[in-house]
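One structure is given below, encoded as structure tokens.
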Amino acid sequence: MIKRYTCQNGVRIVLENNPTVRSVAIGVWIGTGSRHETPEINGISHFLEHMFFKGTSTKSAREIAESFDRIGGQVNAFTSKEYTCYYAKVLDEHANYALDVLADMFFHSTFDENELKKEKNVVYEEIKMYEDAPDDIVHDLLSKATYGNHSLGYPILGTEETLASFNGDSLRQYMHDYYTPDRVVISVAGNISDSFIKDVEKWFGSYEAKGKATGLEKPEFHTEKLTRKKETEQAHLCLGFKGLEVGHERIYDLIVLNNVLGGSMSSRLFQDVREDKGLAYSVYSYHSSYEDSGMLTIYGGTGANQLQQLSETIQETLATLKRDGITSKELENSKEQMKGSLMLSLESTNSKMSRNGKNELLLGKHKTLDEIINELNAVNLERVNGLARQLFTEDYALALISPSGNMPS
């Protein structure tokens, strides 16, 4: 059972106890990411995430790393378009210690100038590494094709130019503006008692920051076709279709539809593109949901001489799906697969912590396992096939990275 508590300052705490495990996962979730940036500070959310590990007033960067290594724990962080998360997984006996270290990073990071300089170079290398992975960067190009100059189209890593401008003052200002109590959720899952909520509150329940009023601009969904010429071994193709926002009433219809289309080895795309025609090693689809927008993405990578055939095969798969719909067998298989994935994820304290943290941060509510199963069971052929006809139109965005940069016809 999930326990929810809101501190006096607005910080929300969610805790789910599972006495059958010996681990505890703790996540500090903040409702800010690259979407909340301006062009001048694009990448600051991600860089701030890096700098949290570079030293506090009581610990050096090495001591932060050693803090978790010596207890056999794990600590990490990630930045997305709409949120940032710092998390740790430790044995239950070390839960309070892990909380203390995470809180120390949150409240007492020093942003030392020498560490800033070194970490900028680390992120420069991360950007270069990303540039050397066209199967990754093509997704950023698709975001640009879909959202244009809106901040949802910004790269999470930022650019070398914006990164160069960051300093301790700009990081502290960004924290002041966006790391405010109303944007913070602490999610805890594992073998932990409800009294741990009070331990979290001691750290996070009293700090104050007014922050910055941010009425987010709703993005328009563009259907640009962007190409980039790059010396690669393969052509990397992405198609983007307008999807559904977080919490949409038909989100489970879309989850099932995406799974049938390209979410598994038995999916239409995998079978048509890879198994039947041998055109690609990697082909898949996925859905991204944001506060007020969403996108269903199809990706395929193939030799440049097979790009046209790959594009045609994807279009044929979509046309067949729209015309004939999915079958009752595909529907039932997909629903059972989703249920199985959900049940297996519940065995992981990290997965529970992540699920609860995101639900609290983005939706402000939680569904029980039975409620989710009931919603999946309610998905039917009419709803899924109707959604397929609605989504898969000629109005889609496209991104391509290839040696020639030539668009498939």
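From the backbone N, Cα and C atoms, a Cβ is placed for every residue, glycine too.
Here the structure is a predicted model, which means the values were calculated and not measured.
Listed by Swiss-Prot as binding Zn(2+) are His46, His50; the candidate from Glu93, Glu113, Glu126 that the record includes in that site is Glu126. Taking Cβ-Cβ distances under 8 Å and a sequence separation of 6 or more, the neighbours of Glu126 (Zn(2+) binding site) in its chain are Leu157. Ranking the binding-site residues His46, His50 by how many other Cβ atoms lie within 10 angstroms of each Cβ puts His50 at the bottom.
Neighbouring residues of the recorded Zn(2+) site, listed in sequence order and excluding His46, His50, Glu126, comprise Gly43, Phe47, Glu49, Thr79, Glu119, Val122, Val123, Leu157 (Cβ within 8 Å of the Cβ centroid). The number of other CB atoms found within 10 A of the CB of Glu49 (active site, proton acceptor), across every protein chain shown, is 19.
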